[in-house]
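Listed in TrEMBL:
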- 112-293: domain 'Malic enzyme N-terminal' (DOMAIN)
- Y135: active site, proton donor (ACT_SITE)
- R188, N443, N487: (S)-malate binding site (BINDING)
- K206: active site, proton acceptor (ACT_SITE)
- E278, D279, D302: divalent metal cation binding site (BINDING)
- 303-556: domain 'Malic enzyme NAD-binding' (DOMAIN)
Amino acid sequence: MKNIRGGASVLDMDPKNTVGGGVEDVYGEDCATEDQLVTPWTISVASGYSLLRDPRHNKGLAFTEKERDAHYLRGLLPPVVATQQLQEKKLMHSIRQYQLPIQKYMAMMELEERNERLFYKLLIDNVEELLPIVYTPTVGEACQKYGSIFKRPQGLYISLKEKGKILDVLKNWPERSIQVIVVTDGERILGLGDLGCQGMGIPVGKLALYTALGGVRPSACLPITIDVGTNNEKLLKDEFYIGLRQRRATGQEYYELLHEFMTAVKQNYGEKVLVQFEDFANHNAFELLAKYGTTHLVFNDDIQGTASVVLAGVIAALKLLGGSLADHTFLFLGAGEAGTGIAELIALEMSKRSNAPIEETRKKIWLVDSKGLIVSLRKDSLQHFKQPWAHEHEPINNLLDAVKAIKPTVLIGSSGVGRTFTKEVVEAMASLNEKPLILALSNPTSQSECTAEEAYTWTKGKAIFASGSPFDPVEYEGKVFVSGQANNAYIFPGFGLGLVISGAIRVHDDMLLAASEALAGQVSEENYANGLIYPPFSNIRKISANIAANVAAKAYELGVATRLPRPVNLVKYAESCMYSPVYRSYR
């Protein structure tokens, strides 16, 4: 990133790099003198029919007798009073009746629109079962069908029609205090390509996890889709498509809209709002992260979150593989934003642990793209983010030959292309290593480089395997293998919480390393015994609190935290800040 920025660091805090900030005084109170009249704006107390239709306050049959009298609910509900636990049991039973994951997704989205706290209670208590429904892989199918299943807007849609008016559009959102924005332009949704405006399912799903797994309040989360058109011919011809029917805007028109958006976000919500870029195409993702990294609190989950979760798995796997990080050789299939982001973070951690310059540690990491092994002979024709990985070697045009020549101990797939770790490739890894570490990271499941069953069978049970999407346990020769999931959901909710609780104003690479180390530290001996390199998701809130504490500590250390004084016990403080979905009592 420093190279793209011309050497600028996120810690420079150069005033000329900063966009004008501050939360605007919409109602004019701050500039009114004492004898001028101002309107005392307020919101009336929800009661009766309106209370049942407000998802934030609705409790359905859980309203007590006293609450029914106080809030004019008599007769609007059947006479029975049900607990939240009973509601949860009934809903889980109902959701399990659906055969198709997309039906379960729609049922969950309808619940979120009806009863917010019950939605999050369900998600937190049944995280391992429901995570694949509200997030990958089902969210991919939901985005593909978003126009057909669209019922009620969730989040803000900012299109080219809003150019010049983005600040006004942000003010249309009812919440004033926003802490996390997840924004996409829909150009590269998971491994599914350009889904245009229908990419909104991704910010909505990510922010549901920010709340459920990281404890960020739902009211402080804002999903945004920037619609600059789509190059997907199928969508442009689809009568149910909900976005602009035009080819994608590029170049100056695109970057002017994004700059207006970033300026308006800071003007409206201040310096400490986290903007998470999600599923932007490679050429824009690196550019935006580099450009706004020195002026805003920005994070790209595809580049930085993926890198952090994979590094955590690699650090944890060292216990099973033996040796230090620098003793291992890495080979990647895929050199896009995910692949190069992971490679750079591994090189950084290796450099930090071995005190070797990063230029040296990068030489332990090799990347294969669609044209073959990235080598120095190709340097002039490479995109800037691939150039650091062009090492001295004769050209190799396929993965199998690259495995045989490089002899990696770790094989990582981030290509977005399914079934590319063939039987020959996996067997070659097994012949070279006692315990090959194979990470097939591409989402959704159909795009995974290989399945868990293939990895364990083809290596005769030797592989340490993790994937981006979940796989069922595999039985091989009488032994059950449970594969890990290198899911970004381990990292970004806790990472975001750490930024929020410390009041951080910039994201630094050292914070990503801190998050990886915290996650790796949560893997227990029992997990290792099952061949796992990630802890179970059932402990995710505890994991997120530890990650948040580590990230916040690093923010204080780097001098980018603004919440002072620093809490004594950051883990306890993180836990105390987490949103609870338990029903509140109304007076």
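Positions of Cβ are set from backbone N, Cα and C atoms, glycine also.
Comparing Cα positions, D279 (divalent metal cation binding site) lies closest to R188 out of the recorded positions R188, K206, N443, N487.
The separation of K206 (active site, proton acceptor) from E278 (divalent metal cation binding site), Cα to Cα, is 9 Å.
Separation of the C-alpha atoms of D302 (divalent metal cation binding site) and R188 ((S)-malate binding site): 10 Å, rounded to the nearest whole number. Straight-line distance linking the Cα atoms of the residue listed as 'active site, proton acceptor' and R188 ((S)-malate binding site), rounded to a whole number, equals 15 Å. Rounded to a whole value, the Cα-Cα separation of N443 ((S)-malate binding site) and Y135 (active site, proton donor) is 11 Å. Mean pLDDT across the domain 'Malic enzyme N-terminal' (112-293) comes to 94 in this model.
Minimal Cβ crowding within 10 Å, among the binding-site residues E278, D279, D302, is found at D302. Under 8 Å, Cβ to Cβ, and six or more positions away along its own chain, R188 ((S)-malate binding site) finds D194, D279, F280, A281, N282.
A distance of 10 Å separates the Cα atom of Y135 (active site, proton donor) from that of N487 ((S)-malate binding site). Cβ environment of N487 ((S)-malate binding site): L131, Y135, T136, V309, G468, P470, Y534, F537 lie under 8 Å away, each six or more residues apart in the same chain.
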